[in-house]
Amino acid sequence: MDDLSRFNQVCKKLGGRNLYLVGMMGSGKSRTGPVLAKKLSYGFVDVDDVIEKVTNQSISEIFDQEGEIGFREIETQILQEIGQRHSLVVATGGGIVTRPENWGILHQGVVIWIDLDREIALSRLRSDETPRPLLQKNLDDNFDCLFKERLPIYLESDVHLSVREESPDDVAIGICTNLQLLLLKDEGLDGRQTIEE
């Protein structure tokens, strides 16, 4: 089956369910999301971009003024609004999985964990000028601490894709292949509501 046929089959079987990309900072969710969305004829939303637009503040400014708890409250509100829509690929913030109430929304769609190799993730984060409030000071130790804390939660994802140096296009194809396998399983997403256009 060629890639186009695979994407068409997956899109049909998804029935309008949102795809939520989760993973650590620097894993490529925001780079892969638009590519995957285009291949599936889905819309694309980046949760952090929506938060910044709605609050008219950067993520760092929100952390400075509201702290992590305040930021997570805003993030949950935005996720709830996004969850009312369908046929979206959603790039989430790395910590969105840490709030149990978010999982109720995430599992209305399909949760895809992009698991980037640690050294490559750290290399990307070192060269990225985007302020990362939770990775201030000792990048390696803070990254490892966050990953250890989040790993059991990431493992609850519907799809787990380990990646290294692949292009966003290759990651999107890998996601689609995994989705195809998931959706073809009898137990794959039973009980999840599909949305008919």
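Including glycine, each Cβ sits where the backbone N, Cα and C put it.
Listed in sequence order, Leu21, Val22, Gly23, Ala91, Thr92, Ile114 are the same-chain residues six or more apart from Lys29 (ATP binding site) with CB atoms under 8 A from its CB. Residues or ranges marked as ATP binding site in Swiss-Prot (evidence: sequence analysis): Gly26, Ser27, Gly28, Lys29, Ser30, Arg31, Arg132.
Around Ser30 (ATP binding site), the same-chain residues at least 6 positions away in sequence with a Cβ under 8 Å from its Cβ are Asp46, Asp48, Ala91. Residues or ranges marked as Mg(2+) binding site by Swiss-Prot: Ser30.
Per Swiss-Prot, substrate binding site is recorded for Asp48, Arg72, Gly94, Arg150. For Arg72 (substrate binding site), the number of other Cβ atoms no farther than 10 Å from its own Cβ, over all displayed protein chains, is 18. In the three-state DSSP assignment, the secondary structure recorded for Arg72 (substrate binding site) is helix.
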Taking the Cβ of each of the binding-site residues and counting other Cβ atoms inside 10 Å, which one has the highest number: Arg31, Arg150?
Arg150
How would DSSP class Arg31 (ATP binding site) in three states?
helix
Just checking: which of Arg72, Gly94, Arg150 have a Cα that is within 10 Å of the Cα of Ser27 (ATP binding site), counting only these binding-site residues?
Gly94
Measuring Cα to Cα, how many Å separate Arg150 (substrate binding site) from Gly26 (ATP binding site)?
15
Listed substrate-binding residues Asp48, Arg72, Gly94, Arg150 - what's their greatest C-alpha to C-alpha distance in Å?
19
